[in-house]
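Data block below; observations after.
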C-alpha cells in the first residue's frame, strides 16, 4: 500500500497546480470581458451595426472560454477527489483483511488457552459491540474500554469484528451529495447539463453513454424529453 501511494503527493501537487493555472486563466478572461464590455458601452453609439455584432461576438467568445476553463477545473477537482478516495477505499479494505486475519489468529490462541476460554464465556453481548467504518466514528460509549488480555479475545471481539466484504460494501459518507440518474456520489468523469433549471445538474459519463466530453451544449436525457414536450 505504501508503495502504491508514494506518487500520490506528486499527483495531487500536479492537479492542484493545473487547477491554479485554470483559475488564473479564468480570472484573466473575466478581466478581458470587463474590458470589452466597458469598451462596448463607451463606443456603442458611434458603432455601425456590423462592428457592434463583432464586438458582442468577442465578448460571447470570451464568456464561452471562461466557462470552458471553469468546467475543466471542476472535472479536475472531481478526478482529484476520486484519486484520493480510491486510496482510502483500498486502505479500508486492506485494514479489514488484516484485522480479520489477526482475529482468526487470536481466536486460535483462545482455543488453545483454557483461561481465555473462560473469559470468553463470561463476556456479555454488550462488550461485543464496536465497529469501524469509512466516514463514521465510533463514540466512546460504544467502544469498550478494556485492556488486552493474555489470550487477546477481548481485543479481537471489540476492535476486529469486521469482515473485508463489510468495508467494500460500506456506504460513502451519508452527508455527501448524490448526482446523476443513478443517484450516486460523484466519481470519475462527469458532465454538467446546460439547462440551468436541471434538477440533477451533473451526470456520470457511463450513465449517459458518453466516453468523451461533447462539443457545444449538452442536455441530459430528462431535459431533452422536457424540451421535446415544450
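Backbone N, Cα and C define each Cβ position, glycine as well.
No curator has checked TrEMBL annotations; they are predicted automatically.
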(request) Out of 107-151, 152-196, let me know the one TrEMBL marks region 'Disordered'. (result) 107-151
(message) If you count other C-beta atoms within 10 angstroms, which of the recorded positions 182, 190, 204 is the most crowded?
(response) 190
(request) Quick one: give me the count of other CB atoms within 10 A of the CB of residue 193 (Zn(2+) 2 binding site). (result) 21
(request) May I have the DSSP-based helix, strand and coil counts for the residues of the domain 'PHD-type' (177-226)? (result) 9 helix, 8 strand, 33 coil
(message) Excluding near sequence neighbours, so keeping only residues 6 or more apart in the same chain, what lies with its CB under 8 A of residue 207 (Zn(2+) 1 binding site)?
(response) 180, 181, 182
(message) I need the nearest neighbour of residue 204 (Zn(2+) 1 binding site) among the recorded positions 179, 220, 223, using C-alpha distances.
(response) 179
